Each structure stands twice: as C-alpha cells, then as structure tokens.
Amino acid sequence: MSIDREKLKRSIRLFLEAIGEDPDREGLKETPDRIVRLWEEFKSYENFNMTVFEDIGDYNEMVVVRDIQFYSFCEHHLLPFFGKAHIAYIPEKKVCGLSKLVRVVNKFAYRPQVQERLTAQIAEFLEKELSPKGVAVVLEAEHLCMSMRGVKNPTSYTITSKLTGAFMEDEKTRNEFLNLIHNGR
C-alpha cells in the first residue's frame with residue numbers, strides 16, 4: 001500500500017496545530033514533507049524479495065549474524081524503539097546472502113509495530129523462505145515509550161526471542177547460539 005502524501009502532510013500540520021505549534025514557523029515548515037519522506041523510505045522495504053541460493057554444498061552448520069541495528073515505531077505511542085537483532089539459522093538446502101538478513105529485519109521493523117510481533121515475523125519469514133533446520137531470533141531494544149514517558153526508565157531493555165526447529169528442540173544448539181551472540185565478542 002502506498003502512502004497518501006497529501007493526507008499525511010495535512011495530518012502532520014493538524015497535529016502540530018493541535019499541540020499548540022505553528023506549522024508555518026521556521027523549523028517546522030518542512031516537517032510534513034520530512035515525515036512523508038521518512039515513511040516512504042520505510043514503506044520501500046515492504047516489497048523486498050529474498051534471494052535464496054540452493055547450491056550450498058555440504059554446509060549444514062549454524063549461520064549467525066548478530067548486532068543488526070534496527071529502528072521501529074511502537075504502535076501504541078508512535079515513539080521509536082531501537083536496538084539490535086541477532087539471527088541464526090541452520091541450512092537444510094538453502095542459504096541467503098548475509099545482507100538479506102538485515103533487509104528482513106528492516107522489512108518488518110519499518111512500520112508501527114510491537115517487538116514481540118517483530119521477532120516472530122522475522123523468524124516466520126526465514127522459516128518460509130529458507131526451510132532451514134531451525135531459526136533463532138533475539139531482539140534487544142530500548143523503547144522510548146518507556147524511557148521518555150510513563151515509567152521514564154531509560155536504562156531498561158526489552159529482550160524477545162523466537163526459536164524454531166533445532167534451536168527449540170536441542171538445548172546444545174540453543175546454547176551454542178546464545179553463547180555466540182553474548183560471549184563471542
């Protein structure tokens with residue numbers, strides 16, 4: 001779905017007026033256009049298609065990409081949450097380019113979202129596209145809706161995980177993944 005640029009610009013102007021700001025003052029004049037460009041950039045990731053390689057030889061060990069920086073917006077307050085994603089999978093017959101894992105995170109992060117759903121969507125997408133022996137996704141994030149408002153606790157991080165296949169069923173595999181993302185620095 002594309003963005004209704006004019007409707008979004010009008011809405012941002014109305015929002016600024018509603019909170020007592022002058023949308024025509026210096027510093028805010030271009031804000032509606034900036035917001036439109038931000039959301040157009042975010043929406044551009046929705047159409048990402050995963051490139052998959054099926055000739056992987058005999059490789060059947062864990063593939064891990066950790067510390068993938070991500071940004072999203074809490075769907076309850078429209079405030080940012082951001083942090084790091086750690087992703088692993090064990091190939092069955094398919095692999096993807098490592099940068100594609102970053103794009104998968106962005107595909108689901110760049111929208112109003114909750115961290116729990118984001119974690120599950122990443123894992124489910126990789127399961128569907130790669131048919132691996134297992135997928136592990138851990139997200140660590142600071143939520144500005146907790147840091148700036150409400151409890152005002154800027155030192156807390158939310159950690160969510162989604163494990164499938166070998167990562168869920170085999171404690172040794174799960175522990176190897178957790179060790180790699182926490183101690184392998």
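Just so you know, glycine gets a Cβ as well, placed from its N, Cα and C.
Note that this is a predicted model, so its numbers are computed, not measured.
Per Swiss-Prot, the feature Zn(2+) binding site maps to C74, H77, C145. DSSP assigns H77 (Zn(2+) binding site) to coil in the three-state reduction, outside any helix or strand.
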Intrachain C-beta neighbours of C74 (Zn(2+) binding site), sequence separation six or more, cut-off 8 angstroms:
P80, F81, P112, Q113, V114, H143, L144, C145
Additional residues surrounding Zn(2+), by Cβ distance to the C74, H77, C145 centre under 8 Å:
F73, E75, H76, L78, L79, F81, H143, L144, M146, R149
